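S.K.: Sending over a structure as structure tokens; questions will come in a sec.
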Ligand SMILES: O=c1ccn([C@H]2C[C@H](O)[C@@H](COP(=O)(O)OP(=O)(O)OP(=O)(O)O)O2)c(=O)[nH]1
Ligand SMILES: [Mg+2]
């Protein structure tokens, strides 16, 4: 799909990538445990029926403990403001310095199913039923299928 962009163009690093990289417009230094809202300079007009998700970059996460507080951040199709990244340094000892132009997150655009929420008295039956939160067990050899929480 074509997505009109004003300002900075998100860029795919490789053909086939799901996420297009988002870069910081300004330098930011994050002390251990500190978060910051960082501009990307990207403004989009996502087509109706699509959503953008701002996702962490796994390299920054694995090497430096950098993640996003609200991962994934949701970009509504009607949003025309600057995409911002709510970045967090989870490392307990190391400060992390972001320079202007550094790739700090990635944008994944997806198509949505149209949804109408309809109030009802009774939901259809399913095999899972109300089971969740580990109801099927935690590992292949552990107590699986022991019912609901
Ligand atoms: O990581 C993010 C998350 C959101 N947004 C922008 C785009 C999105 O469309 C808007 C609102 O986001 P969300 O609905 O998650 O925030 P909210 O707290 O519910 O705000 P609102 O009342 O404006 O919906 O903020 C960003 O730029 N970056
Ligand atoms: Mg909202």
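Using N, Cα and C of the backbone, Cβ positions are placed for all residues, glycine too.
Automated prediction, rather than curation, is the source of TrEMBL annotations.
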S.K.: Of the ranges 102-125, 126-149, which one does TrEMBL list as region 'Disordered'?
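M.R.: That would be 126-149, the stretch labelled region 'Disordered' in TrEMBL.
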S.K.: As a check: which entries in 57, 58, 74, 75, 76, the binding-site residues, place their Cβ less than 6 Å from an atom of ligand 1?
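M.R.: Once distances to ligand 1 are taken from each Cβ, 74, 75, 76 fall under 6 Å.
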S.K.: Taking the Cβ of residue 57 (substrate binding site) as the reference point, list residues of the same chain whose Cβ is under 8 angstroms away and which are at least six residues distant in sequence.
M.R.: 19, 21, 66, 103, 104, 105, 106
